[in-house]
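Engineer: Quick one: this structure, given as C-alpha cells, is what I'll be asking you about.
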Amino acid sequence: MLFLFCLFFLLSLPNVTFCAHCTTTTPTRTFEKCITLPTQQASIAWTYHSHNSTLDLVFFGNFISPSGWVGWGINPISPEMTGTRALIAFPDPNSGQIVLLPYILDPTVKLQRTPLLSRPLDIRIISSSATLYGGKLATVHAGAAIQIYATLKLTPNRTKLHHVWNRGLYVQGYSPTVHPTNPNDLSSITTFDVTSGSMATRRTNILTLRAAHGIINAVSWGIMLPIGAVTARYLRHIQSIGPTWFYVHAAIQLFAFVLGTVGFAIGVKLGDMSPGVQYGLHRKLGFAAFILGGLQTLALLFRPKTTNKFRKYWKSYHHFVGYACVVIGVVNVFQGFEVMGAGGSYAKLAYCLGLSTLIGVCIALEVNSWVVFCRKSKEEKLRREGLIGGSDKGSGIHT
C-alpha cells in the first residue's frame, strides 16, 4: 500500500510531467529552437541572432475561458511576476478580435486595488502580434490555442532571460483580472539561455523537493503517527505482550517524528525558494504539528513513574497533545493535496483508502474493547454481589 501510494503521488503531481510538445514551426515562420515550459501546457520557440542581439520568438498558450486572457512576458530583474514586462492577448470587448497589449506588472498588481492598465514597455520590442490557432476563422473558447509573436532587442552578451506566463478567466474592458492561484499558475516562471536553450535547474529542484515533501509528510504525519497512536490505545490492554506495546508505540512515534522533521525542513526550504508563493493555512498547520510532535517527544524524557502522584496529569497532557498532533497532521496532509493541485489525484485516493482502512481497524478494535469492557464490568458486578467465585476457576454460579 505504501509503495502504491508513493507511485500514485509521483504520477499525479501536476508539475512533474510535461504535457505539451514544443515545435519550431508555425504557419508563418520557422524557428531554430524550442522548449516546453513546466506549466499550463505552454511552450516557446525562438531564433537568436547573435550578430545584432535580436530575438525572434513565439509563445504557445491556451485560453481557459472565452472571455479570458493569455499573457507572456520577460522580467529583466528576477524570476517573479512583479516587475514583468508582459504582452497580454484577449478578445477585444467591442469587435471580438484578438488584441495584444503591453503591460507592466508593478507591485500594485498583487494588491488588486486598481485595474491593470496598458502602457508602453521599457524594453525594446521591435514588433509583436498574436494569432489564434486556426487563423482568422478561429474563435476564442476554453482550450483555444494562441500564439504570441515578438521580436526583441537584447543587451549584448545578456542572453539568460526570466520568462513569465499566465492566463486568466476574465477581462474587464481592457484590464485583465487576476489569474487563478493554484500551484501551476503560481509557478509559471522559468529562466533559460536563448543561445543554448538550457533551462535553470532551480525549477527541477523545486519539483523534486515538492514531491519529497509531499510523500514524506503524508507517510509520517498522515499514516505512521496515527498508527503509533493506535498501538498505544489498543495493544496495552493485551496482557500477554506485557510492556512490549510501549516500546512498539515509542519506536513508531519516534520514527514518524524524525521522518516528519525531514519533511518539515523540506517544506521550510520550499518556502524560502518560492518567495512569491504563500500557503498560510498549510504553513501554520505544519508548524503546529511539528511543535506538538516535538512536545510529545520531549514528554518521554519527563515521564513520571507509575507511583508518582503527577502521573495522571502527565497522562492527560500526553493524550491531549498526542491526539491533537494526529488530527492536525492528517488535516494538513489533505490541505497539502489541495496546495499541490492534487485534490483529485490518485495519490489522494490512495491516501484516503489507507486512512479509511486504518479507521476501519480502529472501529473494529474499539467495538471489541467495549465488548470486553462491558463483559468484565458485568463479571465484576456479579463477583461483588457474590454470584461468581473470586478465585476458584471451577466455581460457577451459586444458587
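Cβ coordinates come from backbone N, Cα and C, glycine included.
Dumping what TrEMBL says about this protein:
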type	residues	note
BINDING	H213, H249, H282, H318	heme b binding site
DOMAIN	40-168	domain 'DOMON'
DOMAIN	175-374	domain 'Cytochrome b561'
SIGNAL	1-19	signal peptide
TRANSMEM	211-232	transmembrane segment
TRANSMEM	244-266	transmembrane segment
TRANSMEM	286-304	transmembrane segment
TRANSMEM	316-337	transmembrane segment
TRANSMEM	349-374	transmembrane segment
Engineer: If one looks at the chain holding H318 (heme b binding site), which residues at least 6 apart in sequence have a CB under 8 angstroms from its CB?
Structural biologist: Q296, A299
Engineer: Looking only at the recorded stretches 211-232, 244-266, 316-337, which one has the largest tally of CB-CB distances under 8 Å to the transmembrane segment (349-374)?
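Structural biologist: Stretch with the highest Cβ contact count: 211-232.
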Engineer: Over the domain 'Cytochrome b561' (175-374), what is the model's mean pLDDT?
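Structural biologist: Result for the domain 'Cytochrome b561' (175-374): average pLDDT 86.
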Engineer: According to DSSP, folded down to helix, strand and coil, what is H249 (heme b binding site)?
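Structural biologist: Reduced to three states, the DSSP call for H249 (heme b binding site) is helix.
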Engineer: Under the DSSP assignment, what numbers of helix, strand and coil residues are found in the domain 'DOMON' (40-168)?
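Structural biologist: DSSP composition of the domain 'DOMON' (40-168): 7 helix, 65 strand, 57 coil.
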Engineer: What are the non-local neighbours of H282 (heme b binding site), defined as same-chain residues 6+ apart in sequence with CB under 8 A from its CB?
Structural biologist: N332, Q335, G336, V339
Engineer: What whole-number value in Å do you get for the largest C-alpha pair distance within H213, H249, H282, H318, the residues recorded as binding heme b?
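Structural biologist: Across H213, H249, H282, H318, the widest Cα separation comes out at 27 Å.
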